[in-house]
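Heads up: the structure comes next, in structure tokens.
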């Protein structure tokens, strides 16, 4: 077998196989992380069930993890699945083991996304062979860029190699822009001192915004989950929930627009993660796109950049496979 592919999130692990670099994903399975003490237990269970448990039965591996990649020892941000790359490579007999950040994997997937895998938000177009950006709120807030590199081949021709640029931009400091946002940050700084973008653009960020606005306004704070707040906003049953979710969309739009300019992402900005598809009707009516474009003298640039929501079920697995090519 050519490769095992993995997408390790804070809650679930998704695994698949590929028979070749251009293969479709095979034998996709989900595992709940809470049922296992270590990641290698999940990998072993998966491979053994497919009669591939003997070391060397699978040639390569590419695993996307939620956390920074630095050195041999890998520590995941939201699950206690630390491991050594060297030990895993030896244990499973892999010729090649790629451990990449989950948003690096999403960046790798972008050239492989088709129109059927995307929902465009607003205008703009995708410029061919231009820098791309993927950003996404989920358990946290991830981001990565993808840069086209013109590579000369031995025959005197050339080809495009897509090079991902990893990022931990979700942990950058959030910069408020409206009076309501300044109120929000002033209140949050009493609790956190430093307010990162991820504090607001994430699943827990929806609740953080809602609870903090309630506190600012002196209204009762209902102990609601992010999903409950989102549903109230979608159903227009709670004015504060509507405001909180609008603010969430606005901050995402401003952040995406900022980083579009940082990376000159004229090849498109792509929105990943599990939150946006769940609030899609609300999101499409929000001011996300207007605020994405609202960049003063640079507005003509952002106006022409396409923003797309990724709807493919397994983009990180697609990207993991692409990283082996």
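Think of each number as a place in line: the chain as shown, counted from 1.
In case you wondered, yes, glycine gets a Cβ from its N, Cα and C as well.
Just so you know, TrEMBL annotations never went through curation; they're auto-generated.
Looking at 237-260, 261-284, the stretch flagged in TrEMBL as transmembrane segment turns out to be 261-284. Summary for the binding-site residues 6, 9, 10: the Cβ-based neighbour count within 10 Å is maximal at 6. Report note: the ATP site is defined by 6, 7, 8, 9, 10, 11, and the residues of the same chain whose CB lies within 8 Å of the CB centroid of those residues, excluding them, are 12, 13, 14, 33, 64, 65, 66, 76, 79, 102. Local packing around the Cβ, expressed as the count of other Cβ atoms within 10 angstroms, is greatest for 8 among the binding-site residues 8, 11. For residue 7 (ATP binding site), the Cβ neighbour count at a 10 Å cut-off comes to 26, with all displayed protein chains included.
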